[in-house]
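Undergrad: First the structure, which I've put down as structure tokens, then a few questions once you've had a look.
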Amino acid sequence: MAQAWAFLLPVLVFGSYMTSLFFPTYISGPLCGGDGGGRSLFLCAQAPKDQDPSPAVSTMYKTAFHFQPAKNWMNDPSGPMYFNGFYHEFYQYNPNGPIFGDIVWGHSVSTDLVNWIGLEPALVRDTPSDIDGCWTGSVTILPGGKPVIIYTGGDKDQHQAQNIAFPKNRSDPYLREWIKAANNPVLRPDEPGMNSIEFRDPTTGWIGPDGLWRMAVGGELNGYSAALLYKSEDFLNWTKVDHPLYSHNGSNMWECPDFFAVLPGNNAGLDLSAAIPQGAKHALKMSVDSVDKYMIGVYDLQRDAFVPDNVVDDRRLWLRIDYGTFYASKSFFDSNKNRRIIWGWSRETDSPSDDLEKGWAGLHTIPRTIWLADDGKQLLQWPVEEIESLRTNEISHQGIELNKGDLFEIKEVDAFQADVEIGFELASIDDADPFDPSWLLDPEKHCGEAGASVPGGIGPFGLVILASDNMDEHTEVYFRVYKSEEKYMVLMCSDLRRSSLRPDLEKPAYGGFFEFDLEKERKISLRTLIDRSAVESFGGGGRVCITSRVYPAVLADVGRAHIYAFNNGSATVRVPQLSAWTMRKAQVNVEKGWSAI
């Protein structure tokens, strides 16, 4: 064990945590030829199109086991489902290059959520109602095992409406071809108070107790952001309900809404169209302000409305699906294993010029099982179990003691492609620093101000990953523990400020708080999956999840990156169990698939 904490010197952060200046701002309305969910200002900043991709750069940063096409641009997941033995992942895709535009529905299939076969696009821009783009949508499986896609299309004037498509041949196990309904669009924003350029991203449909289908669509109604509610007898003819499923005055337009049922303390998934067990809750998710937020509540069947358990006017305090580079998520009920799975889009945080040099841009996070915590207050997430099939070369350590300033190197795993699970046991909780509730408004700012180099009572402790030999490049994923009047609060941070020597990158310090009963359980868990330029971390059993994109030069030096466990807090931290694996490369859209062409 080395006393080597000197590498974490204080870092100049000049606005690195000021999200209003540091991050691209997601906006509403038509954008760069269309907008259908999860687009932002950076999409318009396109570099010259005649730049040739660099194989070396593409290989250095391209992931080994995350979902992404073989080349070109991708963004939102759209319509994931399990059908006749295959998982289907549709996604927003530009077949013509690694920049936003010409959006169609990419399509891949898998039997295990890990290895994917890339197919021809399922939907392309070829009708008046979607000539501007085949934007985000969902898949619903109708009675009799009939899948139907409902998606947002933009016309030549960029007005948005909802369209439907059916598989041409349901006996085709891959469902390669889809036929659009002759009466598209089936749903227009033609009622008073609606905004025709803020009407998109329909949810999966569900059947109510009256036998009618329901569906929510993101939109604006009389200046309110809303999940607009519609009903239908046949999934073709829709009528707007007089009131939204839920609305809010004061937030930006809600993109990519999602609505599903969950059971407290039970990771079994629920089909919203089936009978919902007693005691179940409902989650309403919306993509807004560059992040994915959600509320927990109940679905009032009499009112046909979502009622949150806690009404929070300040949207900065709304719960988050992920505290990092994660947007436009989509979930589905996996009937194969009786679980709910969620994906999100993780955009690049370098530049459009870099994307052209790489020849690709964007990826989807590892599929996650999502369920409700025992206390019913928040959602928990964990990578699907199938990803563990890529684990190899396990190393394990027990009984590590980390005093202030200690580093423990985790050797004999590929530091570029690794899965690390570690538990931190607190010998004492008496040294916890006091908690300031105002920090909840901007945990990223607090992570930036109290970085891993600033000692605390309990913490920071965690992992240093993708570290170069001399530590001039490294990323820190860590915890700090605070004591409020009645409970303990844990801050989880993913600090990218020294992740790369390159100056032209977004390098924030992401962060989120979660409550933890340290009187009952003294061990805080951390799982971090490292996949070259993508890092996903799950803290406290999935209470806080942070997706980060990093571009260190050390990725060019095979075998030269390092992983460490560390502690820089006054209180000693014990590691009862540490396990790490090298992750094998998955086959993602490269074998005999259209996307590999």
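A Cβ is built for glycine as well, from the same backbone N, Cα and C atoms used for every other residue.
According to Swiss-Prot, the active site annotation covers ASP76, on the basis of similarity to another entry. The disulfide bond annotation in Swiss-Prot covers CYS447-CYS493, and the record cites similarity to another entry as its basis. Feature annotation from Swiss-Prot assigns N-linked glycosylation site to ASN169, ASN237, ASN249, ASN568; the stated evidence is sequence analysis. Annotated signal peptide per Swiss-Prot: 1-15, in sequence order.
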Undergrad: Work through the recorded positions one by one (ASP76, ASN169, ASN249) and name whichever has its CA nearest to the CA of ASN237 (N-linked glycosylation site).
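TA: Sorting the recorded positions by distance from ASN237 (N-linked glycosylation site), the top entry is ASN169.
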Undergrad: In terms of DSSP three-state secondary structure, what is the assignment for ASN249 (N-linked glycosylation site)?
TA: coil
Undergrad: Looking at the recorded positions listed here (ASP76, ASN169, ASN249, ASN568), whose Cα lies nearest to that of CYS447 (disulfide bond)?
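TA: Comparing Cα positions, the closest of these recorded positions turns out to be ASN568.
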Undergrad: May I ask you to report the DSSP-based helix, strand or coil state of ASP76 (active site)?
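TA: Once the DSSP labels are grouped into three classes, ASP76 (active site) ends up as strand.
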Undergrad: Do me a favour and check the Cα-Cα span between CYS493 (disulfide bond) and ASN169 (N-linked glycosylation site); whole Å is fine.
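TA: That separation, Cα to Cα, works out to 48 Å.
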Undergrad: Mind giving me a neighbour count for ASN249 (N-linked glycosylation site)? Other Cβ atoms within 10 Å of its Cβ, every protein chain shown.
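TA: Its Cβ has 10 other Cβ atoms within 10 Å.
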Undergrad: May I ask for the distance between the residue listed as 'active site' and ASN169 (N-linked glycosylation site), taken between their Cα atoms and rounded to an integer number of Å?
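TA: About 26 Å separates the two Cα atoms.
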Undergrad: Using all protein chains in view, find how many other C-beta atoms are within 10 Å of the C-beta of the residue listed as 'active site'.
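TA: I count 29 other Cβ atoms within 10 Å of it.
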Undergrad: Please report how many Å separate the Cα atom of ASN568 (N-linked glycosylation site) from that of ASN249 (N-linked glycosylation site), as a whole number.
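TA: Per the Cα atoms, ASN568 (N-linked glycosylation site) and ASN249 (N-linked glycosylation site) stand 43 Å apart.
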Undergrad: Comparing the glycosylation sites ASN237, ASN568, which residue's C-beta has the most other C-beta atoms within 10 angstroms in this structure?
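TA: That would be ASN568, with the most Cβ atoms nearby.
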Undergrad: Give me the long-range Cβ neighbours of ASN169 (N-linked glycosylation site): same chain, 6+ apart, Cβ under 8 Å, in sequence order.
TA: LEU175, GLU177
